[in-house]
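Listed in TrEMBL for this protein:
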{"type": "BINDING", "residues": "Lys11, Arg12, Lys13, Val14, Arg15, Arg151, Leu152, Gly153, His154, Gly155, Lys156, Gly157, Tyr158, Tyr159", "note": "ATP binding site"}
{"type": "BINDING", "residues": "Leu57, Glu62", "note": "substrate binding site"}
Amino acid sequence: MNDENEINKAKRKVRRLISLKLKQLTPEEIQSQSQLVQEKLYNLEEFRQSKRIGIFLSMPNEIDTIPILRKCFEDKKQCFVPRFDLKNPLMDMIECYSFEDYLSLPIEPLYKIKQPSMDDADHRERLNVFNTDGLDLLLVPGVAFTKTGLRLGHGKGYYDRWLAKCLKLANTETLLLHTHDGYSDDDNVDVVSDNNKFTNTPSSFRMPYTIGLGLREQIIDEIPIGKFDIKIDRILSP
């Protein structure tokens with residue numbers, strides 16, 4: 001068994017332990033923690049100054065991001081939410097136009113969260129963030145985080161691949177713990193396998209400031225790190 005296999009085995013163990021902790025939380029406890037994290041986020045200069053923001057749509061055992069999405073629209077921010085390709089697996093950040101638009105989104109059956117189609121109810125083609133000059137801020141989910149910015153995802157590599165592609169487009173490698181394209185606990189799908197899809201990506205494309213949002217139970221001292229894992233700029237927890 002090589003080092004990567006050992007790391008992935010250790011990651012699966014951490015995921016199981018965190019999952020057991022989260023199952024003990026009541027919805028009221030999650031909402032209470034979520035409100036504390038939301039207030040911390042709203043007070044950050046990085047949030048207040050952001051004009052274009054990417055927001056994950058939370059699952060029941062995560063910090064609730066739906067009030068954050070609503071506030072972003074109230075503050076006239078341009079919002080992007082994840083769209084997952086479960087077959088590859090890859091992720092795009094696609095524009096969501098309003099809170100009413102969010103409410104109209106269909107629910108993806110596997111993860112039980114809303115995700116946008118490529119056009120809205122009025123048949124307007126949705127904007128992909130790779131056809132802009134990038135996000136100012138990206139809110140990132142995770143199974144677990146350390147206070148120093150290490151992150152453990154669910155194992156499919158959606159966010160690590162997406163951020164690695166941002167790094168490639170922005171011509172910087174500052175967030176890569178180990179410089180490489182692509183990531184997954186399960187496979188080694190290349191992050192740039194669809195790179196030609198975005199022919200209109202501006203040359204001024206920039207990396208977003210990244211913030212991981214976690215419940216108290218998701219903050220731990222150490223996380224096994226693989227060669228494709230990307231560090232997060234800041235972690236917010238209650």
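Cβ coordinates are placed from backbone N, Cα and C, and glycine is handled just like the others.
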Integer Å distance between the CA atoms belonging to Lys13 (ATP binding site) and Leu57 (substrate binding site): 25
Separation of alpha carbons, Glu62 (substrate binding site) and Leu152 (ATP binding site) (Å): 14
Cα-Cα distance maximum in Å, computed over every pair in Lys11, Arg12, Lys13, Val14, Arg15, Arg151, Leu152, Gly153, His154, Gly155, Lys156, Gly157, Tyr158, Tyr159 that the record assigns to ATP: 20
Chain-internal residues, separated by at least six, CB under 8 A from Tyr158 (ATP binding site): Pro82, Phe84, Pro89, Leu90, Met91
Cα-Cα distance linking Glu62 (substrate binding site) and Lys13 (ATP binding site), given in Å to the nearest integer: 19
Alpha-carbon spacing, His154 (ATP binding site) to Glu62 (substrate binding site), which is rounded to whole Å: 12
Fewest Cβ neighbours within 10 Å, where candidates are the binding-site residues Lys11, Lys13, Arg15: Lys13
Cβ neighbours of His154 (ATP binding site) where a neighbour is any other Cβ within 10 Å: 15
All-chain count of other Cβ atoms within 10 Å of Glu62 (substrate binding site): 20
Length of the line joining the Cα atoms of Lys11 (ATP binding site) and Glu62 (substrate binding site), in Å: 18
CB contacts for Leu57 (substrate binding site) [other CB atoms within 10 A, all chains]: 21
